[in-house]
Amino acid sequence: LDTPEYSPFFAVMGASAAMVFSALGAAYGTAKSGTGIAAMSVMRPELIMKSIIPVVMAGIIAIYGLVVAVLIANSLTDKISLFKSFLQLGAGLSVGLSGLAAGFAIGIVGDAGVRGTAQQPRLFVGMILILIFAEVLGLYGLIVALILSTK
């Protein structure tokens, strides 16, 4: 079977998309949550360590993208079929874009959540639950990406 010369391009773009978009989501989530922590820590400095949870959860999003990018890069050959290359592109876009969405959600929830928790500590459990639902969006993208990239 003769594969086109350009077929590895799509797999490389998949690896790039996985890393770039998930890192963008993680960076946004970290920055947005971090500004909330900075504002909250002026009023309640004792809550800083408890408020780091959104930042940690945002960072996990980038790990999902890294895992998929490494899997795609390890399967890359110059004779990769066009079908496999398109699967790798789909895998990268799936984890990357869902990671971007999850990072946005984590950042917004984390910012508002830590500010609210400073004023009303009973909001903490609710914030954690919402953060889990936001994080799982990235996990869904990782699952789809793993299924696609191992086909």
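Any Cβ shown, glycine's included, is placed from N, Cα and C.
What TrEMBL says about a protein is an automatic prediction, not a curated fact.
According to TrEMBL, the protein carries these features:
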{"type": "DOMAIN", "residues": "13-72", "note": "domain 'V-ATPase proteolipid subunit C-like'"}
{"type": "DOMAIN", "residues": "89-148", "note": "domain 'V-ATPase proteolipid subunit C-like'"}
{"type": "TRANSMEM", "residues": "6-31", "note": "transmembrane segment"}
{"type": "TRANSMEM", "residues": "52-73", "note": "transmembrane segment"}
{"type": "TRANSMEM", "residues": "85-110", "note": "transmembrane segment"}
{"type": "TRANSMEM", "residues": "122-148", "note": "transmembrane segment"}
For the domain 'V-ATPase proteolipid subunit C-like' (89-148), report the average pLDDT of the model, please.
97
Helix, strand, coil: count each for the residues of the domain 'V-ATPase proteolipid subunit C-like' (89-148), based on DSSP.
57 helix, 0 strand, 3 coil
